[in-house]
Amino acid sequence: MKNQWNNILSIGEKVLNGEKITADEALTLSKSNGSDIFLLCSFANKLREKFNGNHVDLCSVINAKSGNCSEDCAFCAQSAHHKANVSCYPLLNEDKILEMAKQREAYGARHCDIATSGLGYTGDEKDFQTILKAFKKMKENTNLKLCACLGTLTEKAMNSLAAVGVERYNHNLETAKSFYKNIVSTHGYDERIKTINYAKNAKMEVCSGMIVGLGETMEQRIEHALLLRDLNVDAVPVNILNPVKGTKLENAKPLSPMEIIKTFAIIRFILPDKIIRYAGGREKNLRSLQPLGFLSGLNGMLIGNYLTTNGQSVNDDFNMLKDLELEY
């Protein structure tokens with residue numbers, strides 16, 4: 001135990017001094033168990049405080065087009081390859097999207113993300129033009145920071161989003177490259193990375209994260225986090241698998257709450273100065289331990305409902321942040 005304490009403290013001091021940790025050092029941190037996990041989390045919280053202060057970045061998502069997706073992501077209720085009981089509907093019109101954006105601004109979101117099912121867009125589609133109009137109306141009628149989650153895009157499509165005021169693009173890699181083939185077969189990992197690079201070239205912030213609990217190892221979570229560091233993304237949403245009946249992963253074994261908390265902390269050690277965001281699955285998987293996420297290095301949160309599952313009440317989220325004396 002004492003040796004692991006020393007490992008945590010020495011690696012943590014290295015990060016505090018502005019140095020990057022190695023894959024081997026991250027693996028050393030992952031050996032923390034029992035009370036060592038709380039020291040690991042405490043140091044991750046110290047890193048969050050030093051590099052990011054006490055502000056929590058809040059965002060919300062609009063599921064603007066749901067279901068009937070051509071892709072076969074094993075976790076996703078919206079895939080046409082699955083038999084999940086999920087609401088399916090075509091793209092909402094721009095006025096409906098604006099109405100939903102105003103609702104999210106009213107309940108406290110600072111960023112609003114328009115998300116659509118499907119592989120992505122080239123920039124010429126009628127639906128994509130509707131999305132551009134929706135963003136223009138949001139820019140004119142709200143104070144929200146505009147975000148998009150539209151799948152893989154061409155450079156042309158990405159530049160069109162930037163031109164109407166979209167400031168952040170969300171494109172999750174989902175898992176490590178070494179595990180990806182177990183989760184998706186209909187499009188490749190490099191396609192996703194190309195989209196991230198298009199967003200960076202368009203001078204957008206990039207939000208790219210992961211789902212934990214897909215069957216990956218801790219080593220693969222570390223592999224993924226190190227790649228996100230290399231890609232220099234701005235924000236990392238961490239989803240925890242919430243298995244949906246009818247999907248390939250409906251019977252996946254859930255991670256233990258302490259394994260999840262330890263994962264948050266290690267990601268903070270790897271990405272000390274980034275937004276690391278609570279995303280889907282926290283309510284089901286962590287239950288009463290949700291506040292521990294913010295004591296383990298998190299500094300962002302998706303509030304309200306998710307794409308196909310419900311989140312806890314916004315008031316409960318705000319009360320949690322107030323109790324932790326965090327700003328938002």
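Positions of Cβ are set from backbone N, Cα and C atoms, glycine also.
Among Cys76, Cys147, only Cys147 appears in Swiss-Prot as part of the [2Fe-2S] cluster site alongside Cys112, Cys207, Arg277. Summarised as a single figure, the pLDDT of the domain 'Radical SAM core' (51-282) averages 97.
Cys112 ([2Fe-2S] cluster binding site) falls within a strand when secondary structure is assigned with DSSP. Other residues of the same chain near the [2Fe-2S] cluster site, with their Cβ within 8 Å of the Cβ centroid of Cys112, Cys147, Cys207, Arg277, are Cys59, Val61, His111, Asp113, Lys145, Cys149, Arg168, Asn170, Ala235, Pro237, Leu302.
DSSP assigns Cys76 ([4Fe-4S] cluster binding site) to coil in the three-state reduction, placing it in neither a helix nor a strand. Across the fold, the C-alpha of Cys207 ([2Fe-2S] cluster binding site) and the C-alpha of Cys69 ([4Fe-4S] cluster binding site) stand 22 Å from each other. With a cut-off of 8 Å between CB atoms and residues at least 6 apart in sequence, the same chain places Cys76, Gln78, Ser79, Ala80, Ser117, Gly118, Leu119 near Cys69 ([4Fe-4S] cluster binding site), listed in sequence order.
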